[in-house]
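In what follows, a structure is listed as structure tokens, so that the remarks can point back to it.
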């Protein structure tokens, strides 16, 4: 009987005696309110869906379609509603990808310090935006050795490209750049108290220089705060403009990283159409030639997107030919239901095989494993030593050159003096 009074939509009418009572009136008013809210909510949904369809229809790029947001079986219309949970893939997650979350990681001083610093300064990290499985390990770090690190993402949290493997938000008109971001990033890095940091960026095709000048300002601000800090920049292709690539390469970086992401054949289906396999290779090759090999270059490959064994091998060869010194290989994991599905889960032994082959090809460093990511902190131990070795070699070379030049100048002075005396 109570539901009969509560719901206005019920076919039976409450009795006159019930309506006359204060409780009955209250129940009747509540029933009307519920009915109005339901009707209003339904109207809002219809209006939202209609506007969403209109926006998709008006898009001229051909990329932002409703079908592009959902993985649909062949023959199924994107307007049909799917009932029940969507499966991530036919294969269950293998045991080597099932991580045990370390208890109390969120209570680690360094983890909390990094998270607090990022929140206060409203900075984005790829660790969170890309849902990296190693966030606890990287942010928690080693309290004694100071190896904690976070990959800071500059130029906002919206990317102008729509790669089908990435969970970072996409927008054709992202918010304008924050002019104070370089200083905010520098302060955040200084508060972390680490000696190695990774800085990445979203692609900003809406900017004439792709954000190259902003990246340089961030790098300079970080290095001014801590000149001894080793800084790795994981950057985009800057529309393939090699002059912009040079602008970033001239900044005081330690490592220039640009990810090729996957093998050439599947690149058009995996990456945004404005990014290409050959363009990425050209960027990496140009950094190496422009800096005469002084800059350490790094790239990354994902497995589980439909690649074949020989294609992975060829990609490693291409990277090495381009002069890349460090490479990482990891398992692609679907970050959301709207992203590409995993084609297969590569076994840890396969990753071990690729690491051995990469080192045999001449790479100075290779991190290869199911949960390895392009900025995985395990790589920084060895990369730090490589950077320091190159820095020491460059210093020694400069010292030798200076000594040689001084000796030559002294010899020339003696010769000139002898000539003058003879005259």
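Cβ coordinates are placed from backbone N, Cα and C, and glycine is handled just like the others.
Pulled from Swiss-Prot, these are the features on record:
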BINDING   127, 132, 138, 375  [4Fe-4S] cluster 1 binding site
BINDING   159, 163, 166  [4Fe-4S] cluster 2 binding site
DOMAIN    142-364  domain 'Radical SAM core'
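A strand conformation is recorded for residue 159 ([4Fe-4S] cluster 2 binding site) in the three-state DSSP classification.
Within 8 Å of the centroid of the Cβ atoms of 159, 163, 166, where the record puts [4Fe-4S] cluster 2, the same chain has further Cβ atoms from 161, 162, 165, 167, 168, 170, 202, 203, 272. When Cβ atoms from all protein chains are considered, those within 10 Å of residue 163 ([4Fe-4S] cluster 2 binding site) total 20, not counting its own. Per-residue confidence over the domain 'Radical SAM core' (142-364) averages out at a pLDDT of 92. Within 10 Å of the C-beta of residue 166 ([4Fe-4S] cluster 2 binding site) we count 22 further C-beta atoms, all protein chains included.
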